[in-house]
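> Pulled the feature table from TrEMBL, pasting it below:
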- 1-22: signal peptide (SIGNAL)
- 24-127: domain 'Phytocyanin' (DOMAIN)
- 131-193: region 'Disordered' (REGION)
- 135-144: compositional bias 'Pro residues' (COMPBIAS)
- 164-193: compositional bias 'Low complexity' (COMPBIAS)
- 194-297: domain 'Phytocyanin' (DOMAIN)
- 296-319: compositional bias 'Low complexity' (COMPBIAS)
- 296-328: region 'Disordered' (REGION)
Amino acid sequence: MAVSRLALAAIVIAALLHSSAAQTTHTVGGTTGWTIPRGGESVYSNWAAGNSFAVGDILVFNFAAGAHDVTQVNKADYDSCSAANPMMTSTTGPARITLSSSGEHYFICGVPGHCSAGQKVTVNVLASTTASSPAPAPVTPSSPAPRRALTPTSAPTPVSGDFPSSAPARTPSTSPVSGDVPTSAPAPSTRSPMTYTVGDSFGWNIPTNGATLFQNWAAGKDFMVGDILVFNYTAGAHNVAEVTSDAYTACTTTNPISLDSNPPSRITLTTAGEHFYLCAVPGHCSAGQQLSINVTGAASSTPGTPSPSGSTTPSSPAGDVAPPSPNSATSVAGVSAAAFLSVFVALLL
């Protein structure tokens, strides 16, 4: 009877473990987060193509409150980038959305202009993996096999020379073996602050090919807190205004965060997140004189040496610290050691 209860308890615990281990948390965009992608819509479509989504999984949208939102829409509104009839909207980041049904789910940023700039993602959700998995087969206890009586036999006479009377003692080698002695892992390093000349030799002027000139310039760079932007322009012809995301999209400078008209304007990046700059002279922003950058963690305090292109080169090479995996499988949740113990005790009584 006790064996049957133990077998039943094992089945219950296996089922609990199986059902709770299937849930996965996906960070949308990985380290890019939920923002206007520099590579367009393909950034999020490629991310989604590399992941498998199931009912019960969780999507995490990392964004700065006030700069973006997460809006779930139907396919027609997704294709037209319309947030007029949302299925749900979250304006506080990070937003966590549980996938409660199978099929295609559509998400966009409802801030005007962001969806059309590529801030949208589609995920195809499969049925729950636990629903299709076969249940563990019941364990049928069997009767123990009868013990076989052992008849003592005389010990065999050892053959001379087969077994040495004592094994030779091993003397550990004092010479180090390559790879045996662990060395301390090098501490992760960060690069020095860098100085970027916006637009390089073109400077801060009205681009001939529209806003793509400054977008392409920013796309090849990694901005960090502590870095410096230098805007080169002719006094009286241009200026530099830092604005909000909405003002950037609408090309308005009614309430700028900052405004500088003395070239060259040097702006130190003091906070992480997205920063938006434009020329406040009427007509210049709409002609493409605007810049959006995404600033990540802080650089070290030692400035680098300026390079000819206007960006500084760190004094020593520094490898980036590998970020945590964006998709972390959720550990066995809700099933504590106390729950396991209670199942055993209840079935054994």
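Every residue, even glycine, has its Cβ placed from backbone N, Cα and C.
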> By DSSP, what is the split of the domain 'Phytocyanin' (194-297) into helix, strand and coil residues?
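Summed by class, the stretch gives 17 helix, 37 strand, 50 coil.
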> Taking the domain 'Phytocyanin' (24-127) alone, what is its mean pLDDT?
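Summarising the domain 'Phytocyanin' (24-127) by its mean pLDDT gives 94.
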> What is the number of residues in the domain 'Phytocyanin' (24-127) that are helix, strand and coil, as DSSP sees it?
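Secondary-structure breakdown of the domain 'Phytocyanin' (24-127): 17 helix, 36 strand, 51 coil.
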